[in-house]
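Please read the structure below before turning to the comments.
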């Protein structure tokens, strides 16, 4: 057996903040051309370990152990690639500086040309189409996928022997995920070692050669991906893997036909002059969960925003119990506002960071139902408890709650309006599998316990959509298919739905591209 | 870029409307002041008959709206009218006053940008440490001193006590460039507060930018520190600073009355003050047009800079 030299290595890393260990005794080897995955719930120490490879630690951390990256060249692709692209500069800015440093040995006259050549080669390696034209663009003029390729190109240009990819597929739709998986596999084929930090188990299973399962800063189990999936040894690994709901058919159809709560007729929504959504007919019945599925940019969120009165540039009618709703939030009455509530994807941004969660949740009842302060606080506390947030958690300010806890608080806040329709916009997409399952169970419970509540569940994830009674599929702003969840998932009619379901099944089966 | 061009056109149209509004407002306000050019000219002998005669000679007895209409019609042909007090064309007043004002403004801005940005970057780089604390407390302290007080202080120390520099520009006429020593103190006074506000804005923007993930990425990939500060972080701190800079240049070009009066510099501020004292309405209005146009153009320029460095924000007219 020939020994492969690792491109980076961590030995017995321990990172302490205020004498609390956030990473404890972690060792890992990054081999050229291999994918090493760190999996675990959020807060398990994945990102701290990944950043340690780059020589970066949280402020005020005490570090012991050994981190080696022999060439010192480790690339980093963060969860949100846009964050590492300078908004005020064209995307070529950092690439240009990296290349400039590399061509310093050349005669002055040839430097410019050589640098440009290197940049274009790196961009092509990262599979960015038309790199020469792209160099002239600003980050905001690129799609999320293109931004990710540019960031990857930075690492390739640098000549990184290892790349740390932090949650590269989180919050992406299934087709984009597929593309990212292919892309990372292609990078690995070039002999670069990849460290994949992810809670997306499907992607890990498809890509990873070696998996380390982390919990509370420790590696509880590690081994080759196949072995781990077939025979998980640690109970936490089993729980994590079980969190991956099998791609299941939807709930049975509702008995009888309850009356419609929300009825959309001839909806055409625009952003200035571009039409972004066309939904000729869509009905939400009482007690029903309607899943709206589509890729990012397909108009799912615009639909939700039209219903909630947040996007008023549209034609057509939205009827609540048969009465038309005004297009803009501002023209809606207090009762109409209370009837349609919205829960946003980014729970952190949806809370004021300086006031306790409990106060902010209670405010809904005071504003929309004119209850007294005391009643509102009592109701907020009991709703939060039902949703699994203890009294102690509820009295904290938002930044001391985890993403999953905040999302529950956001649900509680919407529920305090006693809504008829609750719009949940990708509320689980930033969460790890265990937390996601918890939130989805909560939603199921709400539908069961509150008979007057209907859900609009906006998601890119077919597993989440399977929770719905009915599914509406959006593609490029068109409502291409709608029907009972079971039918849509098992016998999709529209070609787009077919491809969505197929890709999803392939990813779940863990076939390597 | 077509969107940008139509936005600029819309902004310019709006600017014309704003200029018209300013002129109208200034006219109404000067009319509302007690007394008029005739009273001012009559001087020590406010004999009602004499005043009436002067009024008739100056056409001041005609209704206000007719006088405004005449003047506006002239303006459309590029004619600013003639001064009531001297009979000279208003344009010569503006041309004479503009030279010294422009000179002062240009010198001030040429020093303001490097000093303000440099201090801001320096403070941000050493955030919370000694250099930052010195820069921050100095800028706060100097900003709190009004121009006239600072001007008097400088004259007292450098002109009267030490005798290094002339106290005022009296006797040098409008050709100030031939006497650079007379410019030092006024430029220092003009610089004092803008440098402070600019440095503080740049510092705040730079601290945010230096803590950003894109700067961390540049550091991670081995880009040298100075290059990161000036090529990667600074462009993000430029936007608020550009708006502030536009306001400062506007303030400078419209003649800083306090400084011009203190150092006896015959700039636009002095022209304006004299014209108001003499109720010389055409001169006041001519200056109002110049000031309004300057403000519109400078703010448009600042918005274009902001658009260049914060392209995401989009533009709104």
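Using N, Cα and C of the backbone, Cβ positions are placed for all residues, glycine too.
Whatever TrEMBL says is automated annotation, not expert-curated.
When TrEMBL is compared with the stretches B:176-196, B:197-217, B:218-238, the one noted as transmembrane segment is B:176-196.
Between the listed ranges B:79-101, B:102-124, TrEMBL ties the annotation transmembrane segment to B:102-124.
If you look at the transmembrane segment (B:102-124), the same-chain residues 6 or more away from its ends with a CB under 8 A from one of its CBs are 131-132, 135-136, 139, 176-177, 183, 186-187, 190-191, 194-195, 198-207, 210, 229-230, 234, 237, 241, 245, 248-249, 252-253, 256, 259, 265, 267. Distant neighbours of the transmembrane segment (B:176-196): 99-100, 103-105, 107-108, 111-112, 115-116, 119, 139-140, 142-143, 145, 147, 150-151, 154-155, 158-159, 165-169, 244, 248, 251-252, 256, 259-260, 262-263, 265; these residues of the same chain sit at least 6 beyond its ends, with a Cβ under 8 Å from one of its Cβ atoms.
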